[in-house]
Amino acid sequence: MAASIRTLALRTFCDSTRNIQHVSRSRVKHSCCPAWVTVCRGYSDGTEGKSTHFGFETVPEEEKAERVYKVFESVAGKYDVMNDAMSLGIHRLWKDSLLHVMNPQPGLRLLDTAGGTGDISFRFLEYTRSMHERQQRQKARSSQTPSWRDLADHYATNQTGLPPSRAVVCDINKEMLKVGKQRAEKAGISTGLSWVVGDAEELPFDDDQFDIYTIAFGIRNVTHIEQVLQEAVRVLKPGGRFLCLEFSKVSNPVLARLYDAYSFQMIPVLGEVIAGDWKSYQYLVESIRKFPDQETFKEMIEDAGFFCVQYFNLTGGIVSIHSGFKL
């Protein structure tokens, strides 16, 4: 009965949002599981002899993951500074928009896949903390002259309360996680936050573990997008939500020309000046052009098994938020 009610509710939600466009599916790859991780999933590789893209370059599938690892290992120390420089700070607004679309309630558990330096997890924990405090203030205002029993009940509720919101940052790159941990320590963020070395194509988690799965500016770097999406379905709880923030396709031809000129002529130069690494940022620009457009990605997400799939364009389609639910 509970399952049928949940299914009906989600389908009703889906029907009410059909005016918003949809999303797609993908897959990724993983080499080895850390010894301290309790769960390891093994997939037959089957990549021998196959090729894929690394930016505009064609490479063997087994080579791409290693080359992407080296890119982010190289830029980890300047990653956040470069994000501000490349986007003129707009990436912060895109990530804020992701949280507003997500609208997480206190007590939920987030898996921040390809979470790198922790931007999405930091926002998630701050958002749910603020939401909890706002709910507590509303409760306090609802009883203007509480009795001693009301006060006692309110105190007991605050002591037990909801289980704390939790965020798990999972990234294959140890250098990115190292930078993220340093940022968290500097900001005094520790409660409810953990860091895991893991591959999005073979996540080191049991089935049905998370309420929300996010992947921000990471899925275009994987070898097999479809496998990443299948893993997202697996680790989400029934009713859980998938959210992907990623560069996409600009529809306006004038904006598209300006965007291409800026991307190819300025971003590698900024990479050389700020991070001392032209090639890595040339790859990042090229990888954006190789990523599927909004409609194609929507179909991939649906094929992976998600429902109520939709997407929201930001900044003229430079970036899109893709959303889907596991029933």
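For all residues, glycine too, the Cβ spot is worked out from N, Cα and C.
If you look up TrEMBL, you'll see Thr117, Asp171, Asp199, Ala200 marked as S-adenosyl-L-methionine binding site.
Every protein chain considered, the tally of other Cβ atoms within 10 Å of the Cβ of Thr117 (S-adenosyl-L-methionine binding site) stands at 23. Every protein chain shown contributes to the tally, and the Cβ of Asp171 (S-adenosyl-L-methionine binding site) ends up with 24 other Cβ atoms within 10 Å.
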